[in-house]
Amino acid sequence: MTNDLTPPVSLRFDEMALAAPILKAIIEVGYETPSPIQAESIPLLLDGHDLLGQAQTGTGKTAAFALPLLSRIDSSQAYPQLLVLAPTRELAIQVAEAMQTYARHLPGFHVLPIYGGQSMGQQLRQLERGVQVVVGTPGRVLDHLGRGTLDLSRLKAVVLDEADEMLRMGFIDDVDEILSHTPPERQVALFSATMPAPIRRIAMRHLHDPVEVKIAAKTSTVEAITQRYWQVRGLHKLDALTRILEVTDFDAMIIFVRTKIVTEELAEKLEARGYEAAALNGDLNQQQRERTIERLKDGKLDIVVATDVAARGLDVPRISHVVNYDIPNDTESYVHRIGRTGRAGRTGEAILFVAPREKRMLYAIEQATRQRIEPMQLPTRNEIVDRRIDQFKRQISETIESQELNFFRELMEAFQNEQALDMEDVAAALAYLVQKDQPLQPEIEDIPPESERRSPERSDRGREREGGRERGGRERFNVSSDREMRRYRIEVGREHGVQPKNIVGAIANEIGLDSNFIGNISIRDHFTLLDLPEGMPADSFTHLKGVRVCGRPLNISLDTGGSPRDYERSERKPYADHRGGRAEGSRERPRSNTEGANYRSAEPRERSDSAPHYERGLGRESSRETYRETSRDTSRDYERGVGRESSRDSNRAIPRETTRDTGRERTERSNDRANERSGGYRERTERTDANRSSNQGAARSERTAKPQEGFAGRDKPKPSGFRDDKPKRSHKGKANTSNSSGDKPPRRKLSLKPTNKK
């Protein structure tokens, strides 16, 4: 798909065969030297080639296709000649504005952006009037095609801008459908930051012998951006952002977060701290979104808190800083984020907040950008104090230079004479009054610097030793010994399918709390108890109430069932798992689903084949005999929801015995029952053989004695390993405790209850 039609990069715009009105417009804009993607793409598109362009965002792709294709427009013909497909409304508006700027000297030229959220009637009126260029999102373009209000039969060219983003947003099938409505002789230009397989399939199907232009990553605008990261520590995420804002000289800033609700909450918090901030997310209607962007461009707004999709295509030259408040899910999103700054030859700065568990993504981003991201230290208290004092002095100097102060000077002189005060004391009192809401010496503590940076391999091994994950694959949640914890309850439990990792992930991602600060977790049937640090902000809990895990809202609340220390004693006793767990003294939780105290001892146990089933609460014996053993304790079985008695007969509603004895006793009892059944079967087999060889009278006599065969058979030799310590029973269900032979040891007595007692 590549060939040698690559022009020299040293070409200037006036040396290209652009139309005179287009060249005049770009000179007025101030363009002189094309970017690499422009230098390679413009001559190819002017010659009519199909183009497959791969370049990062912010490299000038819009001008790369707009300038040559506008040069081929016949502005005297009022029908669509150029169609540009963009993934978002913002990008569609941006491209349409650029088209209008470049074609300002083309007589009779009209460009129309069409996208969802805009009045359909307005779009229909402009289409009826006649336009040469249509810039739209795939969904709205398909809508017009279905209505028959958009005619693409005389289209000269189609541009797919940011095709990889359209693929990610699920528009690729719509793009395929739209291209099928275009004439086969039209020219196609496809631009994408990446080139995944589905994009290449689209290119092979709809592009005719395309020329591939690929701009190496080293020419990306990332080189013009200073990148740093700060490792998130506990509850200090918002405080860290505030400190950065206070000591950083920025013109405009975009703060990226993951969810819509966080955009609104964070913007409100920043406004409360004195910053001009606003949220930008998908819940805003188009008029609100456009108004927010205009305020940012005009300097009436300094900070925008946005999601990835909402900020896609946002091009505001005054954006000098990008803060990744939440780390992106992939490296491509990171490149798109920081591409909002450092545009058009400017420099920019990108700051990334990284939690310890997100270090692997940090290294992946470094590989994708081919740059090392250096750690940063947060401003100290002294630096913040110095910054506030400098700003205060500067405000005083600017006020003296720019304001008329005669009235206030006379007022202060009169006050000084009346009170016989020094002017320094008066000035100090005024300074105190002015800075009362924001003191020059805030009562804040320094956040400790990050420890030495570790490689991902070493970090993983350290996590295994320090409590991240045990060899057996079991999650561990350790609590810092010097941090006070509170126990909370969330309304999702075992029956909803929740696991510890679901809870930790939800809390860590939604409120920015590092997983190291999440303590003990106890999952019950219908709810879960967990320990969180004391002193967390109230708005964090307000947000967590609506967070859904396993389809259920957490509805977190303070648990009043006991202190965290009591809970820790009952949940985290020393325990060793017989399948290869930790040694005695470990603080990890047992692998059993049972809750509460009285765990099994950690000594090795003998097990029969059925023993593992008992340990997991499976394969319990359901005796068919006419009695049930009295339960010792049913609390553990009832917590797990197994072994419940549902009989309506009060005489049979005695809960079955729970398995709280040792594993050896349970194994022996299981063997006893198995051997009893085995012995009875052998006795019946021997009698059957004897009956076949005896006379009819002997057979009748044998059948007469049959009701006690099962008990009489116990006097015969038993298989190896069989314990002869069970009481005999008569056919009436009574225990026979007599010791007829003196050489036998006394049998253990059991309290047996009949099925029907009258």
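Glycine is no exception: its Cβ is also placed from the backbone N, Cα and C atoms.
What TrEMBL says about this one:
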COMPBIAS  450-480  compositional bias 'Basic and acidic residues'
COMPBIAS  565-592  compositional bias 'Basic and acidic residues'
COMPBIAS  602-690  compositional bias 'Basic and acidic residues'
COMPBIAS  700-727  compositional bias 'Basic and acidic residues'
COMPBIAS  746-758  compositional bias 'Basic residues'
DOMAIN    11-39  domain 'DEAD-box RNA helicase Q'
DOMAIN    42-213  domain 'Helicase ATP-binding'
DOMAIN    240-384  domain 'Helicase C-terminal'
REGION    440-480  region 'Disordered'
REGION    555-758  region 'Disordered'
MOTIF     11-39  motif 'Q motif'
**Per-residue pLDDT averaged over the domain 'DEAD-box RNA helicase Q' (11-39), given as an integer** = 84
**Same-chain residues at least 6 beyond the ends of the motif 'Q motif' (11-39) whose Cβ lies under 8 Å from its Cβ atoms** = 46, 53, 55, 59-61, 63-64, 67-68, 70-72, 101-106, 213, 215, 219
**Item:** Helix, strand and coil totals (DSSP H, G, I; E, B; other) for the domain 'Helicase C-terminal' (240-384)
**Value:** 60 helix, 28 strand, 57 coil
**Asked** How many helix, strand and coil residues does the motif 'Q motif' (11-39) contain under DSSP?
**Response** 17 helix, 0 strand, 12 coil
